[in-house]
Amino acid sequence: MGWEDMEPLNGSTGVCFGVFNASDSRGSAQNSITSPWFSTAFGLIGLCSNLFALCVLLSSSRKLSSRARSSFLVFLCGLVVTDFMGLLVTASVIIPYHFIKFPWAEVDPSCHLCNFLGFSMVFFGQCPLLLGATMATERFFGINHPFSRSTSISKRRAWSIVGLVWGFSCLLGLLPVLGLGRYTLQYPGSWCFLTLLPDTGDVIFCLLFALLGIFSVLLSFIFNTVSVVTLCRVYHDRESVQRRRDSEVEMMVQLVGIMIIATICWMPLLVFIIQTVLQQLPASGHVQVLPTETQKMLLIYIRMVTWNQILDPWVYILFRRAVLQRIYPSLRPRPSIISLYPVLNPSLRRKLTTD
């Protein structure tokens, strides 16, 4: 028996089946958004983009002497690796389904594959948002409080922070496996995600996922805005107008681009999740199947999120100084942030300049 023939919450199969009406998806399963070629094109474009960006990042990191820039590239590298692995893992399950149309309930009666795919969607979805907030925080202190630390973050410490972000996202993704919420098969039967039903565990997990994502986006917006304002104020200072911090500008341009893309791609889905689960709360658990329109809107928002993984690498590829200097020839290497502050103790200036 395939998923097309299942009834909602069939006791003979795992708990990950039956939250959408399979019969509603039969007539539209062949449209462009659920076609195998659409998913394949998305996956290939995203994988190639991230692989190209990773090669450029590794090449650039070998030529850098600035620790501030090196640590920022580590965060960018962590972001690109996350996006690449996210596309690779999810596409390895979703694309074969579109071509083979395997009976999910027979292949995965215990929901192990569904739980793995749902975990991957949450893990690789939350990581970029948290990494974006981490980079915004690091740049905020690097630009607004450059002398609060004796040295910039080293590469090893930066990788440790990336590892902590991965670990936290991993714990978040494991919550349904540990009993809080569920991962369930979603329309049109090719992927698994958190469950937008009024069950208490599902509601808590959905709100936790969505609110954490919104918090990360808002934190990035606040810190990036303050950092950009600081840079603009320094640039308009008469004494420092000729001593531009090209490296700081390059990092902020890339960071703002990542933030804008994350906001556009993620906020509709996160708001939709909160709105859906809160609207269904009065049902007190009586709703067992997602409405057809909710299923389709969820799929559309997930497609928007996929664009985040595709566009992220191009922010770094296109907004590097090597590219910007071709567009704006007057952009030339200038002294860093140290040159824009009052005269320092000579030994401290030498130390900070070396870092």
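Here the Cβ of each residue, glycine as well, is placed from N, Cα and C on the backbone.
Quick caveat, the model's predicted, so the values are computed rather than measured.
Per TrEMBL, domain 'G-protein coupled receptors family 1 profile' is recorded for 49-316.
The transmembrane segment annotation in TrEMBL covers 37-60 (among others).
Sequence annotations record features per position, and here TrEMBL assigns transmembrane segment to 72-97 (among others). Only residues 6 or more beyond the boundaries of the transmembrane segment (72-97), in the same chain, are considered here, and those with a CB under 8 A from a CB of the stretch are 36, 39-40, 43, 46-47, 50-51, 53-54, 57-58, 60-61, 64, 104, 113, 117, 120-121, 123-125, 127-128, 131-132, 134-135, 138-139, 155, 158-159, 161-162, 165-166, 189-191, 251, 254, 258, 306, 308-309, 312-313, 316.
Through the fold, the transmembrane segment (117-137) approaches residues 16, 72, 75-76, 78-79, 82-83, 85-86, 89-90, 93-94, 161-162, 165-166, 168-170, 172-174, 176-177, 183-184, 191-194, 209, 212-213, 215-217, 219-220, 223-224, 227, 255, 258-259, 262, 266, 305, 308-309, 312 of its own chain, all at least 6 residues removed from its boundaries and within a Cβ separation under 8 Å. Look at TrEMBL and you will find 117-137 (among others) tagged as transmembrane segment.
According to TrEMBL, the feature transmembrane segment maps to 158-181 (among others).
As annotated by TrEMBL, transmembrane segment applies to 201-234 (among others).
The feature transmembrane segment is assigned by TrEMBL to 255-278 (among others).
The transmembrane segment annotation in TrEMBL covers 298-319 (among others).
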Within the same chain, the residues 6 or more beyond the ends of the transmembrane segment (158-181) and with Cβ under 8 Å of it are 70-71, 74-75, 78, 82, 115, 118-120, 122-123, 126-127, 130-131, 134, 194-195, 201-202, 204-206, 208-209, 212
